[in-house]
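Taken straight from TrEMBL:
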COMPBIAS  1-12  compositional bias 'Basic and acidic residues'
DOMAIN    50-487  domain 'Major facilitator superfamily (MFS) profile'
REGION    1-25  region 'Disordered'
TRANSMEM  51-76  transmembrane segment
TRANSMEM  88-110  transmembrane segment
TRANSMEM  122-141  transmembrane segment
TRANSMEM  147-166  transmembrane segment
TRANSMEM  178-201  transmembrane segment
TRANSMEM  221-244  transmembrane segment
TRANSMEM  291-311  transmembrane segment
TRANSMEM  331-350  transmembrane segment
TRANSMEM  362-381  transmembrane segment
TRANSMEM  387-410  transmembrane segment
TRANSMEM  431-450  transmembrane segment
TRANSMEM  462-484  transmembrane segment
Amino acid sequence: MGDTTRNRHGNDNDDATAPPSPPETVYYEGCPGCAMERKKENSTGTPYKEFFYVGVTTFASALPISSLFPFLYFMIQDMHVAKNEQDIGVYAGLLGASYMIGRCFASLFWGVVADRIGRKPIIAFSMLSVVIFNTLFGLSVKYWMAIATRMLLGSLNGMLAPIKAYSVEVCRPEHHALGLSVVSTGWGIGLVVGPAIGGYLAQPAKQYPGLFSEKSLFGRFPYLLPCLFISLIAFAVLISCIWLPETLHMHKNLEREVEMSGDSRVTDPHREVRHPEKKSLYKNWPLMSSIIAYCVFTLHDTAYSEIFSLWAVSDKKYGGLSFSSKDVGQVLAASGAGLLLYQILVYRYVHKYLGSIISSRIAAVLSIPLLATYPFMTHLSGTTLGLAIYSAAVMKGTFATTILTGTCILQNSAVSQNQRGAANGISTTAMSLFKAIAPAGAGVLFSWAQKRQHAAFFPGDQMIFLILNIVEVIGLVLTFKPFLAVPKHYDFK
């Protein structure tokens, strides 16, 4: 009974009372993923520097996506491809959809490549594609050239899938929601600041005749200035990628990521749940159900973005607000500022107390009556109209971000790191397909609605916002069981 044995640390302990030795963590030298794991092991704080990189790269990547919406109506007019004013929406929708069509075909490829060679190279290449092809889009004077450059920009900008994976790999599990919130914030702000830049800087010879003449470069190419401005932001972010740390594990035991010597168990409660077997992502229903819900909400949000810009600049006789592109830019800039404050000051508490699913449901429910008020704003004017449209735009942006962030968290909780890039690639591919359908469908819907201003059943713009609300209701239904499956290890609220 008195016999003792010497354990692995060289200590004499009684066999009956000796606790099992904790597993020893082994990190591989030269592996950037292991270096990141070691850094997370030694630091329990919020990785603000890494989150800053995530935010600015996502912001720069999102800027060109919707920057054309405020001037798209006028760009189609200048290209003289529409036979009449009511047909402009159709051509605008096709041009708006071309970016997402390109991204739809390439997103899964970029996600898989990011799982092979790392997140950082794909992020840097995506920034380079923005610099080149967004500038070329600003130089487009023919409709086919505009379509081609936007489609190439979409297919070569493969950043969204790896940046989502990256945002949860640079932080401990307790900060995953914040990491994905940074992605959603950067993306959401980019989608509203981009149109603001487009609205303020498009057609500078007309908006700022004292600074730009009709014979100058920006007078001959009236939509180059906003595109060039965004490309310069992307170039600055491209340079900053030099300091972006890699997170992908690059050693033979990739499926285990951080190998445990002497014991394969992961006992650290701060580590993410491991998935030892690499099952098909298409059979992972928690992943696929959250992706489908995400895509429906994305369809709604993209269609809303295009319809809002077209509706705001269209003439009041067609049910619009008769805004200029600058007016639309101001509204979207205010929306972006409100979204930034919401994400910094409010969202973390919303997620903490409500969770991803409940907060998404509440936001979807509140969006429905909000959208129903838009058609009646055409009867307002002056300060009353400004207060109504600014407030509605800010609230709509916060609701959309709450929903999309929540569904992104569910997606990334359903897979392990060695499948996260591919999983986000599938998500981005599906989302891009829906985002390609949204502008084209929204443009056709808008043109059709403008031709039925005096219909008895939901005339004109009322029909547009009714259909948007129907899509929102479908997305809301998809957040409930039995359709939505939640990962077993996810803390449901």
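Note: Cβ is positioned from N, Cα and C throughout, glycine not excepted.
Keep in mind that what you see is a predicted model, and the values were worked out from it rather than measured.
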Query raised in the report: Going through 122-141, 178-201, 221-244, 331-350 one by one, which has the most CB pairs that fall under 8 Å from the transmembrane segment (387-410)?
Result: 331-350
Query raised in the report: Against which stretches of its own chain does the transmembrane segment (88-110) lie, if we need a Cβ under 8 Å and a gap of at least six residues from its ends?
Result: 64-65, 68-69, 72-73, 75-77, 81-82, 122, 126, 143, 146-147, 150-162, 302, 306, 310, 422, 425-426, 428-429, 431-433, 435-447, 450
Query raised in the report: Would the transmembrane segment (51-76) count as touching the transmembrane segment (178-201), i.e. at least 3 C-beta pairs under 8 angstroms with sequence separation of 6+?
Result: yes
